[in-house]
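The structure appears below as structure tokens.
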Amino acid sequence: MSQNIQIGTRKRSRANMNNSTTTGPANNTSSNKTFLDNFEETRTNKLLDEMFARQNSFLTDNLRNSLDLNQADNPLRPRQHQHQLFLDNENAIELDEEPRIINTTINNSNNHNSSRVDEDADDDIIFIKEQPIQFSSPLILPSSSSINNNNNIVTSNNPGCGTAATSNSTYITTPKKFKKQRTISLPQLPLSKLSYQSNYFNVPDQTNAIVPRVTQTENELLHLTGSCAKTLEGNKAVNLTIAHSTSPFSNPPAQIASLPQSNLKKQIGSSLRKFTSNGSSESASSNKSNFKTDKDGHYVYQENDIFGSGGRFVVKDLLGQGTFGKVLKCIDNKYEPNYVAVKVIRAVDRYREAAKTELRILQTILNNDPQGQFQCLLLRECFDYKNHICLVTDLYGRSIYDFMCSNGIARFPGSHIQAIARQLIRSVCFLHDLGIIHTDLKPENILICDETHIAQKLPLKTVQSLSKRRREASKGKRKILKNPEIKIIDFGSAIFHYEYHPPVISTRHYRAPEIVLGLGWSFPCDIWSIACVLVELVIGESLYPIHENLEHMAMMQRINGTPFPTDIIDKMFYKSKHKLGNSPSDLNSTVIKHFDRKTLSLQWPEKNKRGDTITTEKSMKRVLQSCDRLDIYISKVLKQDYGDSLSINWNLPPEKNWSLINSKLAWKRQTHSSSSSTTDELDKETFLFWYWFIDLLRKMFEFDPTKRITAKDALDHEWFNLGILDDGIATYNNTQG
């Protein structure tokens with residue numbers, strides 16, 4: 001079923017409209033005016049009809065096969081309101097005030113009231129789209145928020161939402177700030193509209209009601225170390241089932257029980273003689289060779305290895321490995337579907353303890369989300385086999401990282417980025433309400449549920465510009481997923497917020513500044529990591545491709561367009577001086593020494609005592625040439641798809657940004673010049689989509705963790721009310737290969 005689109009006009013009555021003639025001697029030319037008015041009205045109606053037809057055709061073609069949520073085989077078919085459609089005026093966004101396809105100006109005779117802000121100040125053309133949704137998404141206000149008489153949200157002491165700036169140099173957005181005028185509602189993927197409601201959760205400390213936390217206070221972050229005792233106490237309560245090796249008897253127990261008594265004695269005697277003469281039975285020998293452990297406690301991967309009680313699991317592939325152990329693709333001979341993923345932990349006490357923490361976290365997630373609706377990997381079962389803790393989970397597709405590496409164009413469509421962002425933030429919101437901090441969010445730990453995709457052959461010139469590895473992996477094609485549903489995995493580094501906090505967490509590229517600076521860390525570190533992931537989906541590569549602290553901090557300042565706030569640097573010095581909390585062992589040598597104690601500013605490029613620059617030229621290029629302020633950096637990448645006219649300045653309001661872009665587009669139309677074939681595809685809806693995306697990133701990349709936007713506030717951000725027409729919408733659940 002294709003989407004139904006209704007197009008209509010919203011008409012308003014005005015007291016002083018001159019659309020009727022008056023009688024009397026003063027109106028001698030009334031008949032002429034009536035004729036002209038009728039002529040202009042007919043001409044205008046004809047132009048409007050043409051515009052409606054073109055818009056209707058444009059939107060219908062883009063939506064016809066894109067968002068068919070009523071297919072029986074669609075896994076994302078709405079579970080709630082399944083047979084209801086709604087008129088999506090809520091998601092309306094601004095259009096250009098001067099539509100290009102209409103050259104006729106309709107004058108308002110009530111000019112003396114034009115400056116008056118009135119709800120009926122103009123005749124808007126509204127495009128109303130019927131769009132199914134999966135869940136309702138009510139507005140959740142922070143505890144410190146209220147609604148004033150003008151139906152505006154008033155927030156006090158809530159840094160996540162932002163406030164109006166007093167300086168003209170910086171523009172800071174607030175929700176519902178702009179009046180919506182000529183509007184059009186573009187489609188969104190169902191995953192982009194997933195809702196989140198605060199619930200009552202069951203957590204290990206028997207606390208049933210978790211109060212959604214707005215942020216962390218300064219004192220919490222400064223002194224936060226967690227409790228080792230609570231971690232050890234929790235791990236002691238973990239009970240693991242011991243999976244025994246296969247019996248030395250060749251017959252299974254059921255078969256042995258069915259043997260006559262005389263035959264049973266012969267069978268036992270024969271097996272014992274064979275066992276004692278050879279030192280082990282054939283089965284025991286087979287088991288020993290099937291599941292080997294090296295001197296470092298790692299399981300030695302071997303295809304077709306058999307392990308688990310009764311030889312339940314058969315190893316078929318190696319999915320991943322690390323310091324913790326290995327992840328295997330296995331056949332489960334007990335349950336269907338047969339293929340599962342088994343995480344085999346190193347047989348070392350340190351990693352076994354960490355696995356017990358992971359097990360408690362996975363069990364908490366399972367208890368509170370048995371259906372897996374919050375995009376977290378669910379634990380099937382666990383057991384202990386030959387001193388290896390084994391965690392069994394469902395098997396999904398490749399990670400986002402692997403998918404990007406095998407793609408000719410690593411960048412994701414905007415609609416897919418929004419869908420993935422919604423799932424990630426919503427999942428983290430759920431985890432944070434459970435008191436869980438993931439600490440290691442990155443593309444490698446985000447799995448794609450369904451890898452089916454549409455492959456588009458790339459132009460020869462583009463293929464030739466690819467690296468040899470990417471060219472071979474992608475076969476010269478761009479892959480666009482049909483369904484961007486994801487699962488978050490690897491809770492091996494996750495912690496409960498009240499338990500022990502290691503001094504260093506997260507993979508370097510996704511590490512928050514409070515961790516680098518040796519400050520306390522908590523829930524906000526996950527938000528920073530998500531922001532890094534989202535930028536990577538846009539630009540197709542890591543935002544921070546670095547391996548040491550000084551370069552990392554210099555890049556952070558350049559991308560944020562501002563130095564580190566002096567108050568958090570002052571806290572860093574204070575914490576180091578008084579030895580508060582946990583600090584990285586190399587904090588003084590790799591971080592603190594690069595800050596001036598008087599100005600509290602980062603000293604980069606690095607200089608020696610004589611004032612000579614000692615930072616390498618290669619490092620200088622990485623910082624100065626490979627990145628820029630985030631809005632400028634992303635704009636450069638988006639120009640590849642939308643032309644040179646797209647430019648976003650986060651210090652200017654959206655209307656000012658669009659005015660500048662529109663001027664560029666008008667100049668190009670007049671001069672008939674275009675540097676890109678896609679330049680004319682840029683419209684205001686597309687610009688606003690990316691503008692508010694960058695605005696959300698800016699709030700997620702806040703240096704001060706106490707002011708960084710929370711997961712719950714991020715779900716209410718304006719960006720999630722906006723749609724976009726792109727390849728991600730067009731290929732959603734497309735039946736063609």
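Cβ from N, Cα, C; glycine included.
For reference, Swiss-Prot has these:
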- 1-33: region 'Disordered' (REGION)
- 15-33: compositional bias 'Polar residues' (COMPBIAS)
- 270-290: region 'Disordered' (REGION)
- 277-290: compositional bias 'Low complexity' (COMPBIAS)
- 313-720: domain 'Protein kinase' (DOMAIN)
- LEU319, GLY320, GLN321, GLY322, THR323, PHE324, GLY325, LYS326, VAL327, LYS343: ATP binding site (BINDING)
- ASP440: active site, proton acceptor (ACT_SITE)
- THR562: phosphothreonine (MOD_RES)
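Where Swiss-Prot records a feature, it is marked here on the structure.
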residue : record                       : Cβ contacts under 8 Å, 6 or more apart
LEU319  : ATP binding site             : VAL327, LEU328, LYS329, ALA341
GLN321  : ATP binding site             : TYR301, VAL327
THR323  : ATP binding site             : ARG346, TYR351
GLY325  : ATP binding site             : HIS298, TYR299, LYS343, VAL344, ILE345, ARG346, TYR351, HIS388
ASP440  : active site, proton acceptor : ASP490, GLY492, SER493, ALA494, ILE505, SER506, THR507, TYR510, SER529
THR562  : phosphothreonine             : PHE703
For the ATP site built from LEU319, GLY320, GLN321, GLY322, THR323, PHE324, GLY325, LYS326, VAL327, LYS343, further residues of that chain with CB within 8 A of the site's CB center: VAL344
In three-state DSSP terms, the structure that GLY325 (ATP binding site) belongs to: strand
Mean predicted confidence [pLDDT] for the domain 'Protein kinase' (313-720): 95
ATP site span - longest C-alpha distance across LEU319, GLY320, GLN321, GLY322, THR323, PHE324, GLY325, LYS326, VAL327, LYS343, in Å: 14
Mapped DSSP class for THR562 (phosphothreonine), helix or strand or coil: coil
Assigned element (helix, strand, coil) containing LEU319 (ATP binding site), judged by DSSP: strand
Local Cβ density at VAL327 (ATP binding site) - other Cβ atoms counted within 10 Å: 20
